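Working notes, structure below.
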Amino acid sequence: MTFNPGKKLYISDVTLRDGSHAIRHQYSIKNVQAIARALDQAKVDSIEVAHGDGLQGSSFNYGFGAHTDLEWIEAVAEVVTHARIATLLLPGIGTVHHLKEAYEAGARIVRVATHCTEADVSRQHIAYARELGMDTVGFLMMSHMTTPQNLAVEAKKMESYGATCIYVVDSGGALSMQDVRERFRAVKDLLEPSTQTGIHAHHNLSLGVANSIVAVEEGCDRIDASLAGMGAGAGNAPLEVFVAAAERLGWNHGTDLYTLMDAADEIVRPLQDRPVRVDRETLALGYAGVYSSFLRHAEVAAEKYGLSTVDILVELGRRRMVGGQEDMIVDVALDLLERS
């Protein structure tokens, strides 16, 4: 495949969805609209809006949101004129009924997310999204937990259900640059040339931007990123950093770097009640290959039971826990307590 540095990259912002994890899903309507206005002014292509765990994620298991998904989506729809509104749906958490409500509220893109080996459960949701006329994306989470070849097979399933773009999703921030390269080559070898691909990176090993650059070199079309890296764990690829790097590389990203830089520092960073950065705990996520949104839950359990957050995270990684198993964090903490 010949890399085309002149093609327009699709910039997909996730500050208002993945970024929700960083503040325990407590964005106010005022916060959401201020961030959306800045992103729209900077000309990003899409803005993802939802609870951190997707439509209907607000729950005891994942954490209750300050507002409903529909309230957030409607608030963003009021202020954007350029960017399209995206949302996230995890089969088993959100249903096709919730997807229809999100569409009616203003969402026009949906990313249907499954564990990297469970694409089968996305069939109904992808098909229904296509019926609604939505830009329908398959989102293969925790992509480090299977081989490039197996990931490609799962990507092909999502394509066969109707997804027109498939994402390699590094939910644990555990992929190396070579890992990303191998996965994109395998996936693109199996998908139709007309099917787009996307990268969703996390920064737990400080490779979020580097991995996104490698993905683009391998033909990736859509890049997820967030202002100030606002996201689960050590955050996502920081949007303003990726755009600055893309600018230096001469790539066509279509966004305004300075508007993004200002929004990151003046609007988003002040909202963080825990710094979104690589530190002892978030590094443990990437090192152990643990779902990034486990961080805040593990910190609560560690404080409650007098344990080390790192020990809890490493044990979760050893047990190969995946997204949706947040309830196991307390189980692991109690097991560690018993051993100590």
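Cβ atoms here come from the backbone N, Cα and C positions, even for glycine.
Residues His200, His202 are given by Swiss-Prot as Mn(2+) binders; from Asp18, Asp40, that same site also lists Asp18.
Site annotation (Swiss-Prot): substrate is bound by Arg17, Asp18, His200, Tyr291, and the candidate from Ser46, Ser160, Ser171, Ser176 recorded at this site is Ser171. Here the C-alpha separation of His200 (substrate binding site) and Arg17 (site 'Transition state stabilizer') works out to 13 Å. Same-chain residues that are not part of Asp18, His200, His202 yet have a Cβ within 8 Å of the Cβ center of the Mn(2+) site turn out to be Val14, Val169, Asp170, Ser171, Gly173, Ala201, Asp224, Ser226, Gly231, Ala232, Asn236, Ala237, Ser292. Listed recorded positions: Arg17, His21; maximum Cβ neighbour count within 10 Å falls on Arg17. DSSP assigns His202 (Mn(2+) binding site) to a strand segment in the three-state reduction.
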